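Feature annotations, reproduced from TrEMBL:
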ACT_SITE  200  active site, proton acceptor
ACT_SITE  250  active site, proton donor
BINDING   294, 427  Mg(2+) binding site
DOMAIN    179-431  domain 'Chorismate-utilising enzyme C-terminal'
Ligand SMILES: C=C(O[C@@H]1C=C(C(=O)O)C=C[C@H]1O)C(=O)O
Ligand SMILES: [Mg+2]
């Protein structure tokens with residue numbers, strides 16, 4: 001018996017026992033399992049979608065899932081699905097997925113603007129070990145069909161295999177916008193009359209790397225995450241030849257009951273070569289006017305949006321977050337939400353934050369729609385886990401779209417008074433440096 005065969009056999013037996021009962025609502029059948037490397041397991045599954053999620057705390061559980069019990073393509077549908085299941089007593093499910101940056105513009109092929117799924121098969125690894133779960137529901141479908149689908153999902157599971165190493169690639173790079181176009185866009189935003197209308201616009205770049213041989217997105221994510229332990233780690237794949245992966249450092253929010261944690265993460269400098277240089281750069285970053293303004297735009301908007309939703313809001317001091325290639329300024333925000341505030345309301349209100357859009361929001365988005373020529377798709381959107389009891393969502397930056405013959409890397413920079421095109425271009429490069437190094441292009 002392999003590390004998968006026994007747990008699958010146990011779940012099948014539990015499923016057969018379930019047939020005799022009269023199950024209602026949502027049911028999760030779980031059993032311990034020996035699988036250690038979740039991404040390696042995900043890489044060999046044949047069912048889509050495949051999804052991976054880990055929050056940025058070092059002890060956060062890791063989730064890998066395949067297939068769907070139900071997929072929701074709007075926040076309204078997600079909200080009513082949660083509401084329907086909450087009518088049945090017992091456990092409530094976790095939903096996973098994300099949203100595009102701007103639903104009013106064309107997105108990526110095969111990526112809905114909004115997509116959250118209740119997974120069919122879920123592997124969850126935490127400090128106590130790994131659990132394999134089979135999810136089912138009986139409130140909105142034919143019982144026999146649901147049992148048959150669940151059986152088929154177990155039958156389709158493949159045992160894990162080690163991921164292949166990343167081989168050196170020959171990649172051709174193309175930036176959109178080009179360096180010259182970028183300089184023109186930055187100059188436009190920093191014109192005094194434009195700054196009066198939009199004090200901050202986050203401009204972005206798509207770096208397209210082409211090659212005849214593209215590595216598995218899961219192998220890429222596995223190597224990427226090894227150097228990004230203190231970041232969120234995510235991946236979603238709807239079809240065999242395209243996936244969205246990333247290791248974002250930024251939290252949109254985490255909600256536990258009515259306690260909300262959010263943050264303003266904005267203001268950047270590339271890392272130094274020594275700890276002493278990093279220390280000096282950190283002091284300079286915290287006192288820098290341009291970077292301070294980038295951060296202030298984010299927290300001011302978050303505070304004003306959270307104000308009507310909360311009893312109480314607290315914000316911490318500005319501090320430095322040290323990542324592998326960059327330093328950022330961050331301020332943590334905590335709020336006690338009014339009891340009726342839902343994830344739907346939070347997700348309809350907070351994104352896109354000025355960390356990825358700008359201020360004022362609508363004018364900044366209008367500028368981006370007019371001047372950016374690439375499709376952001378799910379880059380700078382939202383990605384994470386939602387449940388009745390708690391939710392955790394990342395701002396989907398430091399991400400890549402992995403296609404059949406290309407890897408598209410995305411990076412943005414907050415353009416404000418004092419931004420200079422060359423320095424902001426270097427900032428974009430420092431934000432993709434981790435993945436570029438992995439690809440042998442560092
Ligand atoms: C937009 C991105 O990052 C945002 C922009 C930052 C900046 O300009 O200093 C820093 C962190 C994020 O707020 C990105 O990484 O793509
Ligand atoms: Mg910046």
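Using the three backbone atoms N, Cα and C, a Cβ is placed for every residue, glycine included.
Caution: TrEMBL annotation is automatic and unverified by curators.
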Alpha-carbon distance [residue 200 (active site, proton acceptor); the residue listed as 'active site, proton donor'] in Å: 18
Rounded inter-Cα distance in Å - residue 294 (Mg(2+) binding site), residue 200 (active site, proton acceptor): 7
Residue 200 (active site, proton acceptor), number of other Cβ atoms within 10 Å: 25
Cβ neighbours of residue 427 (Mg(2+) binding site) where a neighbour is any other Cβ within 10 Å: 19
Segment confidence, the domain 'Chorismate-utilising enzyme C-terminal' (179-431), expressed as mean pLDDT: 98
Length of the line joining the Cα atoms of residue 427 (Mg(2+) binding site) and residue 200 (active site, proton acceptor), in Å: 16
Around the Cβ of residue 250 (active site, proton donor), the count of other Cβ atoms that are within 10 Å: 24
Contacting recorded positions, sequence order - 200, 250, 294 vs ligand 2, Cβ under 6 Å: 294
